[in-house]
Amino acid sequence: MSVDVTLDRPVSASPAAQRRWPVIDAARAAALAAMASYHTVWDLGHLRLTAENYALTPLGRHAAEAIAGSFLLLVGVGLVLMNGRGVRVRPTLLRFARIGGAALLVTLGTWVMFPDAFVFFGVLHCIAVSSLLGLPFLFLPVPVTAVAAAAFLAAPHVVHAPIFDAAALSFLGLGSVVPRTNDYVPLFPWFGLVLAGIVLGRLALPKLARSRLGAWAPRTRLARAATFAGRHSLAIYLIHQPVLLALLTGVVTVIGANPRAGLQAFRADYVTICTRTGGEPALCRIAARCTSEALLREDLFREDGRPFSGTERLRAQGLSQACYATLDAAARAAH
């Protein structure tokens, strides 16, 4: 079933609406590989197999944003491919139901595993909603869609009001506080990348259809595996993280956690408490390092969060006080 809802003129990339493009499937596979790599790093940190969770560092967060952005850009291109001659109602609704159902599974699964940070509007939720919101833009003039994309991308830098902090409005992404969740991909700014993908698809796909890249076909085993993964990206997205967690949980059960896991977080907390109680910031930072190393030497550092016994607590406090006192005395002597 196809309904022509053209508002300006149909998308000109008609060949795109007639067949799958292996090169687009390969691009999806590349995004999947990047996402799986990021999730591996996150899982290693979450299970304390690495000294810290590098996925949560500034570089890790930028990588996560780039990966999510690549998926959403491809969603926009995919909308052009799927609806090049008018909205195909039945396939579109089936696709929405499939992705929306998968998003609900993610919400339920993360609510069970991470109740304090479950995913209520992550990348799949954003893709599902954007797949419907993007349909009218397929047929508006390209400059209009480009302006709308820029507006969505810019809005969070201009609008951040407490009224949007309400749970029912968190999916917009215009609040003053980022909600606690393991995956947050709100409509602002991320729908802007879907619109950018629509612009890219409408401008580039007709040229790609006539190019050697557009005619590329997978001939090697690796290329065929990549295009297969791209065709089944939703299933792989849903399956890969539980598999990774299960495998790495087995690893940590056998070899144990990294003895330095949590060290950076401990030092940050130490500095916060130390400065809050009147300590000099520079001395607090050095004392945090001194104390953490002393706790490691005395086998008192608890990477798994286990509480100290009474005796252990006194020893740990003594080490901390000794570190700060020694550093403070040295600083006074230097003056």
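Each residue, glycine too, has its Cβ placed from N, Cα and C.
Features as listed in TrEMBL:
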| type | residues | note |
| --- | --- | --- |
| DOMAIN | 20-242 | domain 'Heparan-alpha-glucosaminide N-acetyltransferase catalytic' |
| TRANSMEM | 66-84 | transmembrane segment |
| TRANSMEM | 96-114 | transmembrane segment |
| TRANSMEM | 120-140 | transmembrane segment |
| TRANSMEM | 147-175 | transmembrane segment |
| TRANSMEM | 187-205 | transmembrane segment |
| TRANSMEM | 234-257 | transmembrane segment |
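Across all of the domain 'Heparan-alpha-glucosaminide N-acetyltransferase catalytic' (20-242), the predicted model scores a mean pLDDT of 95.
Tertiary proximity for the transmembrane segment (147-175) is limited to same-chain residues at least six positions away from its ends with a CB under 8 Å from its CB atoms, namely 120-121, 125, 129, 137, 184, 186-193, 195-196, 198-199. Within the chain carrying the transmembrane segment (66-84), a Cβ under 8 angstroms from the stretch's Cβ atoms is held by residues 10-11, 13-14, 16-17, 21, 24, 27-28, 30-31, 34-35, 38, 91-92, 95, 123, 126-127, 130-131, 134-135, 138, 185, 190-191, 193-202, 205, all 6 or more beyond its ends. Simply put, out of 96-114, 120-140, 234-257, 120-140 has the most Cβ pairs sitting under 8 Å from the transmembrane segment (187-205). If one looks beyond the transmembrane segment (96-114) by at least 6 residues along the same chain, the residues whose Cβ comes under 8 Å of a Cβ in the stretch are 120, 122, 124-125, 127-128, 131-132, 182-183, 234, 237-238, 242.
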